[in-house]
Structures are given as structure tokens and as C-alpha cells.
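One structure below.
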Amino acid sequence: MAKEIKFSEETRRALEAGVNKLADTVKVTLGPKGRNVILDKKFGSPLITNDGVTIAKEIELEDRFENMGAQLVKEVATKTNDVAGDGTTTATVLAQAIIREGLKNVTAGANPILLRKGIQKAVTVAVEELKNQSRIVETQEAISQVASISAGDEEVGKLIAEAMEIVGKDGVITVEESQTMNTELDAVEGMQFDRGFVSAYMVTDVDKMEAVLNDPYILITDKKISNIQELLPVLEQIVQQGKKLLIIAEDVEGEALSTLVVNKLRGTFDVVAVKAPGFGDRRKEMLQDIAILTGAQVISEELGYDLKEADLSMLGRASSVKVTKESTTIVDGSGDKKAIEDRVTQIKHQVEQTTSDFDREKLMERLAKLAGGVAVVKVGAATEVELKERKLRIEDALNATRAAVEEGIVAGGGTAFVSVIPAIGTLIESLEGEVKLGAQIVKKALEEPLRQIAINAGLEGAVIVQNVVNSEAETGFDALNEKYVNMIEAGIVDPTKVSRSALQNAASIASTFLTTEAAVADLPEKEDAGMPGMGGGMPGMM
């Protein structure tokens, strides 16, 4: 296929146009007075959201070169979402600012490679300074503040803080849709492990790519299943009962897998197979944990059990199981409470006895899964459109809270970025030439999140930024109440991990963007011309 090639300034301008189209769409959502964006959907009602990464993922531009620019910034939002789960709009705003300031310098003749070096040096200093300012999150109130700021809703903040209190920081919190108009918290004992379905054909919800089994039987074995004959006796009993089945095995492959998939697609029975978590002896222990939680018996030749002889009494039960590509969550297993308590006590004893940090960490993980359980935040709303919007906000708040517990918090509302500017100023004094220009680009870009929050609140961004720069440490602008306050004391905080990831990812993509000198894109295919037109009418008769 023929290609179209653009060079130097023409390339950069086309790419920047794409960056701006995406970033300008996303950045209207930043801050407490940020607006929402409505996204058209092929099926169902449109989605209204303020989630940066959800908006970015929807944007595809017609111009191929502009689209390349947009996709680069989309990568910033996606990567930040993957690492921290929140801060995607902030990351997009920072990337746009670094690209804008950087292109001014490149156009003026600066060397982009040296600019990139300066950007990287400044980001390293900024990240270090953010970590120095970070405060550990310990109280339920601090957790509530982080969640409230992210979701823009105090009630949600309290719910998430309560959920963290119930399951502990190592527990599992999921977000589901409620059948009522209220948003409430439901804590259920459960377990999550990092193994997903062995075949994508087993999903029950194609949009979310997940399989949900309500009230299933659970078969647990430490052997590889490749022959369907081994499973037939127990499968026949399950089909007669009309129940669903979760298989946890070393692997399910070959004839066994294809037969299960075909029968699932035909609707004969509902089955999901997942690989057993862990390796070696740890796998045996984890399978035993799951068995105790669900009231099952691990079918293992070591214990004298054969898969062919398995019956329903050896299978576990749970109220529901959710399996995604990467994880399996078992909720409300029907195991004996006393047996679960004994197992928890046994693991605690092992934690005390072990001298290996790695073993201790793995034992604590198992303990959290057995004792911590699963908290479910059930999101309610009057309409489906509002429900989806609220659900996205709560998922963001949950991610922000986890990030805060992990790495601590800094002053929110863009204040933390402004507060690291003096440290970059010190760095700039030690640099020279175009490397110095690169550091200055970051220094200016760090003002952008605060400026955008002020603009979205209908205020003059430059004035607000200047006032905060000249204020004491941790003093920032409360855009909701339009006043200057100590952000930490006012509970306006951001997770350090979110701020750090946003800056690192924005700088990574933006600095690489500046080094671009040529772009290659497919030429649009030309439509085949139709048959040439025939002359109308009959030839004249003599």
C-alpha cells in the first residue's frame, strides 16, 4: 500500500493538532467544577462521564497524522490508568503542556534530543520532591478524603473508607450495579486470585469480557485435565441438577477443553475453567485454602482421590464467581466457618514462624484472601446513564484510595505540582544550554493542572497560579469554594502515586514526541471508478 510522508514542521503541526483535539476534549473534566463529556455508543444510551481515559479511548480522528498525535496522548492516559487507576486527565493536561512548550523551542531551533534530556532531569527531581512531600495515609478519615476528592462525592468517600476498614488494605473491593436507587456497601467473605479463564469462549458478558456464575459448583484438582472421559461422571450429575460449574485445575486442554467450550456455546451447561493459582507447594496450599473456603475436597492422587470417581459431595459451592481474563473472585463460599477460622489461625502461626520475607509476604496475601473477604459497593441511580457515570467515578475513587494507601498523599488541586517548582528552579541553575530549556519546559508545564482547574471553575488561571506560587507550602486553591486554604488540612489531597505516574507518563510520551522529524501514514484507498458511461439512444436509421 502507498504511503504518505510528512517532514519536520509539517509533521509536528499535524501531530500537535491531534494532541490538542484529544487533550482539549479531556481537560474540560478536570477539577471539582469540571464538566462532563457525552460519548455516542453504537448500542444503548450515550455515556456521560468525566473519566479521562474513558473519553480518550473513544477518540479516533479522520486525518491519519492528527490521529497519530491523538493516539500518543491516549497512551499517556491509558498507562497512567493501568499504573495508578486515576489521574488520567491530569496526565493528559501535563502531556499537552510539555508538547506545546517543547514545540515552541524546537521551532525556534533547539535540539530536541537535548530538550528531552532536560525534561527527564527535571521530572526525576520533581518525582523525588513529590515523594519527600508525601504523607502516609493511616486514618479512615484520610482514606475518606482521598475517595471523596476523586469521586467528587463525600458519601462515596465514606463508603469506600468503610469498605477499606472492613476488608483491610489487602482485601478485595468490587463495584457492582444496584437494583435500587441507593448506593450502598455490602461486605461479603470471599477470595480473589490472579488466574483467569482458559478460553475466552467461556465468558458470559462479551462487553466486559468476564464470566459470572451464580450459585455454581466448584471442582478443585491439582492435575491436568485433557481427557473429557475423566470429567463425564461429575458433569452428568451437574447437568441433571441444572447448575453451573467452575473448574480449578493445573490446566484444562485438548479434547476436554474443546468439549467444554462446544457444550457451553450450545447451552448444554455453563462452565468456566481456570488454572490453579501459584506454583509448586504454594499451589497445593492455595488450592486447600479455596477448598476450605468453598467446602470442597481437593481431588488429588496424593490424597487418594481420582477425578473419575468424583461426585457432587466433593465439590464446593459459592453464591457467585466472577472470572475475568486475569482474575477469579469467589464470593460467599459455603465452607465451614470453624474450618476457615482454623485455617486462618494456622496461616498466622506460619507467618510468625517464617524467617523469609518473601514467604511472609505470600502468607499474608493468603491470609488477606481468607480472612479479609470481599466488599461490594453497589451503585444505584435513577437512570442507566447516571448509573454508568457514577460507577466510573466510584471505580476511579477506589483506585485513587488504593494508590494513596500504597504511596501516601500530597496536597491536591494541582498544588503539589506547583510546590515542586522551586526544586526544579534549583536544578535549572546548575544546567546550561538546551538541557536547561528542557527543564524550563517542565517547570512551566507543572502549573498547567492548577491553571486548568481554575479555568474550569470560570476563573483567571494565570492569577490563581501566581497566588499559589507565592503562598506558603501546602497552600492551594479550593476551586469548589473559591478560596485559598491549606489543602492537607482542608482534606483536598491527591495520592502521591497518581501525581507521580501522571507526570512520569506525560513526560515520557511528550519528550519522545518532540524528537519526531518525519511521519509515515497509509494513503487513503481510492474508490474504484465505475464503468464508463454508454452513449444513450439508438443510432439514426437511413
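Glycine residues also receive a Cβ, built from the backbone N, Cα and C atoms like all the rest.
According to Swiss-Prot:
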BINDING   T29, L30, G31, P32, D86, G87, T88, T89, T90, G413, D478, A479, L480, D494  ATP binding site
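Taking Cβ-Cβ distances under 8 Å and a sequence separation of 6 or more, the neighbours of L480 (ATP binding site) in its chain are P32, K33, A457.
Compared over the binding-site residues D86, D478, the count of CB atoms lying within 10 A of a residue's CB peaks at D86. Non-local neighbourhood of G31 (ATP binding site): G413, Q452, I453, A454, N456, A457, A479, each in the same chain, at least six residues away, with C-beta under 8 Å from its C-beta. In this structure the residues listed as binding ATP are T29, L30, G31, P32, D86, G87, T88, T89, T90, G413, D478, A479, L480, D494; their two most distant Cα atoms lie 20 Å apart. Long-range neighbours of T88 (ATP binding site) (same chain, six or more residues apart, CB within less than 8 Å of its CB): V26, D51, G52, V53, A56, A77, T78, T80, N81, A502. Just so you know, the Cβ of T29 (ATP binding site) picks up 21 other Cβ atoms within 10 Å once every protein chain is counted. T90 (ATP binding site) counts 29 other C-beta atoms within 10 Å of its own C-beta, drawing on all protein chains shown. Under the three-state DSSP scheme, D478 (ATP binding site) falls in the strand class. Taken residue by residue with DSSP, D86 (ATP binding site) is part of neither helix nor strand, so it is coil.
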